[in-house]
Amino acid sequence: MTTEVGIIMGSQSDWPTMREAAQILDQLEVPYDAAIVSAHRTPDRLWDYGKTAAERGLKVIIAGAGGAAHLPGMMASKTQIPVIGVPVQTKALSGVDSLYSIVQMPRGYPVATMAIGAAGAANAGLMAAGILALSDPALAARLETWRATLSASIPEAPQDD
Ligand code: RP5
């Protein structure tokens with residue numbers, strides 16, 4: 001099966017967050033590859049990744065970074081493939097720095113920006129699956145089941161511990 005989702009992150013230290021996206025894709029049986037691609041530390045790797053993404057068959061890129069989080073935006077400048085940005089939570093500024101760095105793209109080069117941290121990464125996995133599900137009925141059915149399972153797990157009333 002062709003790998004249609006690429007998960008990239010600026011550092012090894014982003015993986016505990018970005019693994020949340022990977023785990024969702026595992027649950028939905030969506031193949032992905034994961035790579036460290038830093039806008040600042042490995043700019044040539046970023047360029048090569050973006051330049052070859054379409055020919056490698058990628059359909060969605062999930063990009064997570066923290067602090068001066070330029071990776072998602074730079075990737076969106078290099079490929080037409082939709083980029084979903086995940087602001088990684090930081091110690092200094094709690095991830096607001098990451099969020100602002102990712103979300104405020106100039107007109108013409110969008111990044112679909114998720115919430116800060118683990119929930120944002122998990123939602124990035126779901127968003128990627130939702131995009132692929134538009135042309136994959138079997139995946140659409142798995143996603144529907146996933147959502148129904150989550151709904152069913154929510155109690156109707158709060159309970160004491
Ligand atoms: C960013 O700098 C990475 O995305 C990471 O969130 C942050 C810190 O990186 P490390 O110093 O932990 O490698 O480029």
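Here the Cβ of each residue, glycine as well, is placed from N, Cα and C on the backbone.
TrEMBL lists 3-154 with the feature domain 'PurE'.
The substrate binding site annotation in TrEMBL covers SER11, ASP14, ARG41. Around the Cβ of SER11 (substrate binding site), the number of neighbouring Cβ atoms within 10 Å comes to 18.
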Practice item. Whole number in angstrom, please: the longest C-alpha to C-alpha distance across SER11, ASP14, ARG41 for substrate. Key: 14
**Study point:** Candidate with the highest Cβ count within 10 Å, taken from the binding-site residues ASP14, ARG41
**Key:** ASP14
Study note, to complete from the structure: What remains of the binding-site residues SER11, ASP14, ARG41 after requiring a CB under 6 angstroms from ligand 1 is SER11, ASP14
